[in-house]
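K.L.:
Pasting the relevant annotations from TrEMBL:
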- Cys13-Cys23: disulfide bond (DISULFID)
- Cys79-Cys143: disulfide bond (DISULFID)
- Cys92-Cys153: disulfide bond (DISULFID)
- Cys123-Cys133: disulfide bond (DISULFID)
- 1-44: domain 'SRCR' (DOMAIN)
- 54-154: domain 'SRCR' (DOMAIN)
Amino acid sequence: RGSGVIWLDETNCTGREAHLAECPARTWGHNDCYHGEDAGAVCAGSALATPPQVRLSGGPGACAGRVEVLHLGRWGTVCDDTWAFPAAAVVCRYLGCGQVIAAPPRARFGPGRGPVWLDGLTCTGEEAAPSECRHKGWGVHTCEHSEDAGVVCA
């Protein structure tokens with residue numbers, strides 16, 4: 001049994017989708033489920049066949065910059081709404097960049113391009129990747145690129 005928010009209900013995939021987000025389902029976060037109904041899967045091959053990807057852009061080095069995530073084959077940004085040290089710590093750890101020093105908002109490392117993939121990103125700081133943190137849903141946002149989140153790691 002899982003815990004926390006149940007993101008998907010009535011998911012109806014054909015098997016031809018490249019990503020779970022392409023499957024018809026109820027609106028993300030809307031469900032009539034309980035954790036006793038959590039779905040699972042057993043896959044052949046690598047457990048990390050498609051690991052989440054995160055990069056920092058526009059900064060002075062590999063461990064400081066605008067936070068960008070790869071989703072559905074496209075790089076996009078993270079909105080600074082609710083952006084805080086716990087989320088920045090997850091990014092720093094995921095990238096192997098040590099401790100978080102700062103979590104600058106307001107496109108401190110310049111505005112990104114492409115989609116704003118994550119808004120309302122809320123992490124405990126214990127997640128292995130930003131994609132494991134709570135958020136409004138992939139591509140669901142009320143942001144402009146002038147609100148892109150940044151991070152400075154040790």
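Each Cβ is built from the backbone N, Cα and C atoms, and glycine gets one as well.
Remember, TrEMBL labels are computer predictions, not curated facts.
Keep in mind that this is a model prediction, so the values were computed, not measured.
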K.L.:
Other than its own, how many Cβ atoms are within 10 Å of the Cβ belonging to Cys23 (disulfide bond)?
P.N.:
15
K.L.:
Which value does the mean pLDDT take for the domain 'SRCR' (1-44) in this predicted structure?
P.N.:
80
K.L.:
Just checking, which of Cys133, Cys143, Cys153 (disulfide-bonded residues) has the fewest C-beta atoms within 10 Å of its C-beta?
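P.N.:
Lowest Cβ count within 10 Å among the disulfide-bonded residues (Cys133, Cys143, Cys153) is Cys143.
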K.L.:
For the domain 'SRCR' (1-44), DSSP counts of helix, strand and coil?
P.N.:
6 helix, 0 strand, 38 coil
